[in-house]
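What Swiss-Prot annotates here:
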- 21, 22, 23, 24, 25, 71, 146, 201, 316: substrate binding site (BINDING)
- 71: site 'Transition state stabilizer' (SITE)
């Protein structure tokens, strides 16, 4: 039985643990491999290197899941869109502005996604059998917003203005990305991914009406399309920053696991865990502190979610400056709590 899937089967004594960005810049062994390839996307498509860094945190920490090393922007890149990563800046994309851009997207695939599927197959062969392999994609709104902004981590005025003023074209682009995202996830499952995850990093910038149209509806379409082919493959969705709209999301989208950010109250996590497996939600900044603080914050989450359908994770990705020894301490602490499974403050 794959460890991370145990909560789906009603085994609530096991606390699966893995971390977003567990393969990344905080690991010295990752940096050593990363330095060998200048271009980040080339690194993502390098079967040998991407396999190696996917497995690094498993070898170091023994997490219950490996998440394939890739990026949410490989999808638009594979559709022929211009995507680049600048050091200390992040992703830079050709800005989507018109119907002509949409026509270009439809006729210019570059087939790079085949490399992602090769990586999954290779990792699957090398991954110890109890450990789950997670494939992933960016959710349509987040991928679309990167394309509309031309870069990330903005205030998203450009994206929101575009969808308000260009309803038909925005819907066409959304539907196109939704269809391609579902296909990408299906192909990852075909290649050996045990679990699939959708990252919607920028869902929290939308008001309720747009959240429904650009987050809930496309995610629902993707989940239903994937489940037609792989009905037993668990799907995790992470509509980061959704706030009160998390409740609407789990009511309307038939996901298996809801990943939540660190702003979600523990009482809400407990409540939602009766309807769906909940994943989260330690603040990544806690891992920059000391063992006592890590222990205190982690204990509160574990106690609140004791006996619930729960996967331990962070509220977002591991930060690059995170000390490796803190990740090790946190992982060991969760394991120890699991073993003792008591109310003591061990």
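Cβ from N, Cα, C; glycine included.
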Show which residues of the chain containing residue 21 (substrate binding site), separated from it by at least 6 in sequence, have their CB under 8 Å from its CB.
317, 318
If you count Cβ atoms within 10 Å of each one, which of the binding-site residues 25, 316 comes out on top?
316
10 Å Cβ neighbour count around residue 146 (substrate binding site)?
28
Counting other Cβ atoms within 10 Å of each residue's Cβ, which of the recorded positions 23, 71 comes out lowest?
71
Using DSSP, would you call residue 21 (substrate binding site) helix, strand or coil?
coil
Residue 25 (substrate binding site) to residue 71 (site 'Transition state stabilizer'): how many Å between their Cα atoms?
14
Give the maximum pairwise CA distance in Å, whole number, for the residues 21, 22, 23, 24, 25, 71, 146, 201, 316 listed as binding substrate.
23
Length of the line joining the Cα atoms of residue 23 (substrate binding site) and residue 71 (site 'Transition state stabilizer'), in Å:
12
